Amino acid sequence: VCTVLCINRQQDTFMEMNNTMVPLPSDLLSKKETVCIFGTGDFGRSLGYKMMQCGYSIVFGSRNPQASGLIPEGATVLSHAEAAQMSNVIIVAIHRAHYNFLESLTEALQGKVLVDVSNNLKANQYPESNAEYLAQLMPSSKVVKAFNTVSAWALQSGGLDASRQVFVCGDDNKSKEKVMEIVRSLGLSPVDKGSLLAAKEIEDYPLQLFPMWKYPILLSLGLSTFFLLYSIIRDVVYNYVTKNKDYSFFIAISIPNRICPIVALILLALVYLPGIFAAILQLYRGTKYSRFPNWLDQWMLCRKQLGLVALAYAFLHVLYTLVIPIRYYVRWRISGYVLDQAHNNRTDPLNIENAWISDSYVALGILGFFLFVLLGITSLPSVSNSVNWREFRFVQSYLGYLTLVLCTAHTLVYGGKRFLNAYSYPWFLPAAYILSLIIPCIVLVMKFFLILPCIDRPLTEIRQGWERKSKYRHQANNGQTTKETSAV
């Protein structure tokens, strides 16, 4: 009897263990806490819909619950006071101008997390950030800034690839971690920016319009304008004044096809020029632990953008070049040349030297453009993240300088013998491509000296941490030695 009872008990225990190992239904596993959203505007509805997809129960707080007919299906709409009782996390998706009504809910919101998602219409619109203002209004609540860098359209469409980072800041670490957990559950990447003092910077972030592209674009537009005016004076105005010929149609294709490679070459050279300045400063100072001037820092930070703008100009140059054979002016000149040969019953022999120059010019351009495109592809985050630092440096530095060499040689071969011809300098103005060679040649000559062993060796040692003793350190060491001698 005892044996039978033991066997039955073991079977019951085994069955209980099996029952405890049965997986829970998926809806129970995905069920998360209730989150309250104040505001039924576009962003509030979009955020609520996204959170419901991720398993959250959403309660909307509205000043007019009966009129809120656009909310996601499955969500609840209550008055602000009633909705505040349903959750410990309240997302405030309303404009700063309407924050005042929250003061009447002080008791209901006491100790709860208020997530401020607001933005302003312009930078520095208010003396303090919206989140800090909310914290002043609701001192008994815990204010966290988040979600202001994500758009309602991205939440609705799911196109969050370009804006997965969500900046989060707040003075209470537990509240901030709770909000960051919500961010992660939505498939986004929270970035902790520290205390609520960072809220002003976070709120200014969506107002920035291509901050790293500002100077490269302005520089490229400035260079384009200068060379456009320069080419018009040299090729259009000169011919009209001295020869009474109207070449104004050059402005459509001929002059732009001249400007694009010029600007591309100059911008490519400007990508590598700040690195040379940095190396010279490090050699002069004898250390890598001294800050660069602010202008050099900003210049080095926007090198990627400079290179991509240069690549865009190179693409335009290729497109303009491809349409040359179908231009009316070119076909007119070719047909006139052929008729002139037929009329005079002559055929010009093949000039091997000119053939070599022409083919070399085209070949250098093709190779330079290929490496230029390779540099642009490597700068993409999806590609740069898949290579190690040595591989990235090899492409961006060594192949980058090779690209600059090929593009500079492409321009030099294009000039050929025309550098020495007097007709190439109307009104004593050199051709625009001659001006474009100044900065690239300076960069390549300076880089040549920097790679010499007598210069490259100490520069490498400095970048590995070696420091030359400065005058200040020498005096400090002398003072320490004097003290030690006196002590002895």
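Using the three backbone atoms N, Cα and C, a Cβ is placed for every residue, glycine included.
Keep in mind that TrEMBL annotations are predicted by a computer and have not been checked by a curator.
Here's what TrEMBL has on this protein:
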| type | residues | note |
| --- | --- | --- |
| DOMAIN | 34-120 | domain 'Pyrroline-5-carboxylate reductase catalytic N-terminal' |
| TRANSMEM | 215-233 | transmembrane segment |
| TRANSMEM | 262-284 | transmembrane segment |
| DOMAIN | 262-407 | domain 'Ferric oxidoreductase' |
| TRANSMEM | 305-330 | transmembrane segment |
| TRANSMEM | 361-383 | transmembrane segment |
| TRANSMEM | 395-415 | transmembrane segment |
| TRANSMEM | 427-450 | transmembrane segment |
Highest-contact recorded stretch vs the transmembrane segment (427-450), from 262-284, 305-330, 361-383, CB pairs under 8 Å: 262-284
Contact between the transmembrane segment (305-330) and the transmembrane segment (215-233) (3 or more Cβ pairs under 8 Å, separation 6+): yes
Cβ contacts under 8 Å made by the transmembrane segment (262-284) with residues that lie 6+ beyond its boundaries: 216, 219-220, 223-224, 227, 290, 292, 296, 299-300, 303, 306-307, 309-311, 313-314, 317, 372, 400-401, 403-404, 407-408, 411, 432-433, 435-437, 439-440, 442-443, 446-447, 450, 455, 458-459, 462-463
PLDDT averaged over every residue in the domain 'Ferric oxidoreductase' (262-407): 90
Number of helical, extended and coil residues in the domain 'Ferric oxidoreductase' (262-407), per DSSP: 122 helix, 0 strand, 24 coil
Within the domain 'Pyrroline-5-carboxylate reductase catalytic N-terminal' (34-120), residues counted as helix, strand or coil by DSSP: 30 helix, 21 strand, 36 coil
